[in-house]
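K.L.:
Can you keep this structure in mind? I'll have questions shortly.
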Amino acid sequence: MKINLDRTSSGFCIGVQGTIHVAEEKLAAKETLFSLGDVVHNEVEVKRLENLGLTTIDEAVFKELQNTSVLIRAHGEPPETYATAERNKLDITDTTCPVVSKLQRTARLLCQLGYQVIIYGKHTHPEVIGINGHCSNRAVIIKHADLSDPEELKTLDTTIKTALISQTTMDVPGFYELKTNLEKRFAESDETAGKPWTAIRDIDITAAMTGIGTMPRTVFKDTICRQVSSRNKKLHDFALANSCVIFVAGRKSSNGQVLFGICRSANPRSYFIEDIEDLEDSWFRDNEGSPVESIGICGATSTPMWLLEKVAEFIDGRFNHRDA
């Protein structure tokens, strides 16, 4: 039984790497450190950091803190979080992912330009909450690219200037499906808005802000992180190349759900686990009861490499040694 560990398209993305590195440095220096929300959407990694001294808090506790240090994770936060920190004299360690920071700025400027902002994303995801905060909490958040949820469309106004952006970890095909469906929806109410929406760049937004340029009524900006989305094809091929796949991620990980779906579509014998306790012996046998030829082990952008290695070592020790 060959065990293949994916080291090229699994493990922490750059944004999460930065957050974990900063947290480890501060904890190693024995500093008191609170994290506003789970530092990463992986319970195993959160527990490891909490064992080093990190304390995870929710928003209610955060608002009561005074004169201490708080870590802002890679997902980012809305402006009101920083206002609270200033009032309470909190020392903020801001590890917002640079890609997310750029997206927050884009959302803020689009709102200032008078655009209705649509965010392709998950309503309760912390990144989306942060982006919406930069739109004064007035953005239209749409998770279903087919526009199948009427609740998501209640505040959508098809008669005004509109800009479409995305949570950084959403799927690229879904984003463009949503764009197409919005074009159709807007065309139903106004034929002049029925033409394809215009892709915009940072320079277009800057020109509009300074008054030296203008932007069309309906625009979109693909803000999906390519370091994340580029993993899709690689994981698809990785899943195809193995007899079965063990996908390691936290249940809360949005990116994990997307990537696992890709693995499962490529290889039906793909299994989602958080840690080794979730493994089942039957997964590693073919229909005749013999060991499968190969096992692929991979994970999300919020899955630490040490955990993937732990899973690989456990499977190797349990099945290869037992079958020898």
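The backbone N, Cα and C atoms fix where each Cβ goes, and this holds for glycine too.
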K.L.:
Among SER166, SER302, which residue does Swiss-Prot annotate as binding isopentenyl diphosphate at the site that also has HIS41, HIS75, HIS125, SER253, SER254, ASN255?
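P.N.:
Same isopentenyl diphosphate site in Swiss-Prot: SER302.
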K.L.:
Taking the mean position of the Cβ atoms of HIS41, HIS75, HIS125, SER253, SER254, ASN255, SER302 as the dimethylallyl diphosphate site, which residues outside that list, in the same chain, have a Cβ no more than 8 Å away, listed in sequence order?
P.N.:
VAL40, GLU127, THR169, GLY250, LYS252, GLY256, ALA300, THR301
K.L.:
Roughly how many Å lie between the Cα atoms of SER254 (dimethylallyl diphosphate binding site) and THR168 ((2E)-4-hydroxy-3-methylbut-2-enyl diphosphate binding site), rounded to a whole value?
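P.N.:
That comes out at 11 Å between the alpha carbons.
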K.L.:
Fill in the CA-CA distance, SER302 (dimethylallyl diphosphate binding site) to CYS13 ([4Fe-4S] cluster binding site), as an integer in Å.
P.N.:
7
K.L.:
When you measure from the Cβ of GLU127 (active site, proton donor), which residues in the chain that are at least 6 apart have a Cβ under 8 Å away?
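P.N.:
Within the chain, GLU127 (active site, proton donor) has Cβ neighbours under 8 Å at HIS75, GLY76, VAL100, GLY121, GLN167, THR168, THR169.
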